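Features reported for this protein in Swiss-Prot:
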- 54-84: domain '4Fe-4S ferredoxin-type 1' (DOMAIN)
- Cys64, Cys67, Cys70, Cys113: [4Fe-4S] cluster 1 binding site (BINDING)
- Cys74, Cys103, Cys106, Cys109: [4Fe-4S] cluster 2 binding site (BINDING)
- 94-123: domain '4Fe-4S ferredoxin-type 2' (DOMAIN)
Amino acid sequence: MMNKITHYFKSLLLLELLGGLWLTLKYTFKPKYTVLYPMEKFPQSPRFRGLHALRRYPNGEERCIACKLCEAVCPALAITIDSAKREDGTRRTTRYDIDLFKCIFCGFCEESCPVDSIVETHILEYHFEKRGENIVNKPQLLAIGDRLEAEIAERRAADAAFR
C-alpha cells in the first residue's frame with residue numbers, strides 16, 4: 001500500500017520529468033566536446049592514412065613493379081592488379097584499381113610495397129556522385145601521387161625512423 005502511495009506522489013509531482021530536466025540543465029553549461037566538422041577540423045596525425053596514391057621515380061617512371069604483394073596482403077580484397085611484361089623484360093601494371101568502399105585504410109598495402117609505390121596520403125575529404133566512382137584506377141592514383149609527391153616525400157622522410 002505504501003508503494004502505491006509513493007508512486008502516486010512521484011507521478012503527481014513529475015519527479016522523473018524534473019530529474020531529466022535537471023540533467024539537461026546541468027550539461028547545458030558544461031564545455032562542449034563536439035566539433036562542428038566542416039568549419040572546425042581535428043588536427044591530423046603525421047601518420048594519418050587517407051586516400052591512396054601511386055608514386056613515380058624522379059625520372060618519371062612509375063615505381064610499381066607489379067609484384068602484387070599489396071593485392072595479396074589486403075584483408076578487404078579492395079585492390080585489383082593486372083600486369084604485363086614490357087619489351088625490356090620488366091613487369092608493369094596494366095590495371096591498378098582500389099575499391100574505396102571495400103578499403104579499410106589499414107596501411108598493409110603501403111607496408112608491404114618493396115619500392116614504396118603505393119602510399120596513403122593525408123586526404124580525408126572526398127566524395128562520389130555515382131556508384132562506379134568509388135573505384136580509383138591507375139591514372140587517377142598516379143595523378144594524386146604526382147600532385148602530392150613533395151608532401152609525400154616529406155612525410156615519408158619524417159616517418160623514416162619508425163619504419
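Placement of Cβ uses the backbone N, Cα and C atoms for every residue, glycine included.
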Quiz question: given the binding-site residues Cys64, Cys103, which has the greatest number of C-beta atoms lying within 10 angstroms of its own C-beta? Cys64
With Cys70 ([4Fe-4S] cluster 1 binding site) as the reference Cα, tell me which of the binding-site residues Cys103, Cys106, Cys109 is the closest one. Cys109
Near the domain '4Fe-4S ferredoxin-type 2' (94-123), which same-chain residues lie under 8 Å Cβ to Cβ, leaving out any that are not at least 6 residues past its ends? 44, 48-55, 62-65, 67, 69-70, 72-84, 134-138, 141, 144-145, 148, 151-152, 155-156
From the binding-site residues Cys74, Cys103, Cys106, Cys109, pick the residue whose C-alpha lies nearest to the C-alpha of Cys64 ([4Fe-4S] cluster 1 binding site). Cys109
Excluding its own, the Cβ atoms lying within 10 Å of the Cβ of Cys106 ([4Fe-4S] cluster 2 binding site) add up to 15
Within 10 Å of each Cβ, count the other Cβ atoms and name the one among the binding-site residues Cys67, Cys70, Cys113 with the highest count. Cys70
Just name the most isolated of the binding-site residues Cys74, Cys109, going by other Cβ atoms within 10 Å of its Cβ. Cys74
